[in-house]
Amino acid sequence: MELVAGCYEQVLFGFAARPAEPWTVVPDFTHHAHSASLSAVAVNNRYVVTGSRDETIQIYDMKKKIEHGALLQHNGTITCLEFYGTAHLLSGAEDGLICIWNTKRWECLKSIKAHKGHVTSLSIHPSGKLALSVGTDKTLRTWNLVEGRSAFIKNLKQNAHIIKWSPDGERYVTVTTNKVDIYKLDTASITGTITTEKRVSSLRFITDSILAIAGDDEIIRFYSCDSQKCLCEFKAHENRIKDIYSFEKEGQHVIVTASSDGYIKMWTLDLNKIKDVPSLLCEVNTKARLTCLAVWLDRASEMKENSDKAATSSQANEDEKSSIVRKNKVCWTDKSDKTVKRKRKITPEKQKLEAPLQKKKKKWNSSA
C-alpha cells in the first residue's frame, strides 16, 4: 500500500503504509515529477499518474517503481484524472478537452472539446458507460462512453468545480463554492443540497449515502445524502484540507486526508458508529504544501498473502471485470479525429524512483 501525494513544490511523494498495531508510514520515494505544481493524481492496480500546471501527465509503474513516461495532449493545467479499470484513463484540462487514453500502449484514443471554458472535474459511472463533466462554461455534460458522444447538457447557475458519482451509480453530486447539490440518476433532478460555511475543496463518498466533505478549514464533516444532515464532524488538521481518499482493507474502513499543513493522516471509521469521531491510525509530515492525494493498493501482493483458494477466486473476479469492460466498449476510437495526431506521448529513458534525500527535504522545507 502506497500513499502518493503531490505538492506545490513540484514533487511527488510516496509513503509505504503498513497495517499493523500500530499502523506505520515509511518514506518510500520522492520524485521531482513536474516543472510546476502538481494538480491531480489518479491510481489503478498498476500505475500512478499525475497532472500538473506544466500541462503534462506523468506516468509511474508502481510494480517496477520506475518513471514510465509523459503524455502531452493538453494545452493548459491538467485539472482532473480518473482511471476506469485497467485499460482506460480520462484526463481533463484548462484547454476544455477531455482525452481518453488506452493504458496498454498509452495512446490517445480520442480528444474531445468538452467545454467552452476549463474542464474543472469529471467522474466515470461505475458501469463505465457514462461520464459526467463540469466546466467554467456553467454546464454539466453527460457523455455516452459506449458511442463516444455527448448525451446531455445541463446549464448551471454557477460554475461547478467538483462532480462525483456515488459507488452504486444511483446518484451524483456537484460542488459550487460552498454548496453541494445531490442529484438522482433516474430523474437528473436535485434531491437535496448541503451548504457549508467555507468553500468545499474535496469530497468523497464513504458509502452510497454518506459523504465526507472537507474545505477551506481544518474540519471534516460526514453528511447523509438522504437527510442532508451532518452526522459527525471533527478537526483533522491545523490548516485547510486539500484532498480526501478512502478505501476498505480487511473489513476496516480507512480515510486518508492531506492538508496544506503538510500532514498526511490515516483514520479508521466505524460505519456502525458513524457519529463517533474516527480514530487516528498514523500520520506523516511531508513538510510540503500538499495539493492532491491517492492511495495505490498492491492487489497482487494481497492476493499472494491469501490462500490459494482465495487467490483463485480473486483472479476469477478480475477476469469477469475485464470481460465486462470489453463488453461495455469504453474505448473511444475515432481515426478521423485529427487532434489525436497532433501530439502523442514522450517516453524518456525509464528511471527508477528516487529514495528520499535529506538535501531535497531541506530544499522543500525552505520553499514551503
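Glycine too: its Cβ is placed from the backbone N, Cα and C atoms.
Remember, TrEMBL labels are computer predictions, not curated facts.
Sequence annotations record features per position, and here TrEMBL assigns compositional bias 'Basic residues' to 358-368.
Feature annotation from TrEMBL assigns region 'Disordered' to 335-368.
Secondary structure of the repeat 'WD' (31-63) per DSSP (helix as H, G, I; strand as E, B; remaining residues coil): 0 helix, 19 strand, 14 coil. The repeat 'WD' annotation in TrEMBL covers 31-63 (among others).
Here TrEMBL flags 71-111 (among others) as repeat 'WD'. The repeat 'WD' (71-111): residue composition by secondary structure is 0 helix, 25 strand, 16 coil, according to DSSP.
The repeat 'WD' annotation in TrEMBL covers 112-153 (among others). Broken down with DSSP, the repeat 'WD' (112-153) shows 0 helix, 25 strand, 17 coil.
Across the repeat 'WD' (234-270), DSSP helix (H, G, I), strand (E, B) and coil residues number 0 helix, 26 strand, 11 coil. The repeat 'WD' annotation in TrEMBL covers 234-270 (among others).
Mean per-residue pLDDT, taken over the repeat 'WD' (112-153), amounts to 92. Below 8 angstroms of C-beta separation, residues 2, 4-12, 14, 69-83, 85-86, 89, 91, 93, 103, 106, 291-300, 353-354, 360 of the same chain, each at least six residues beyond the ends of the repeat 'WD' (31-63), sit close to that stretch.
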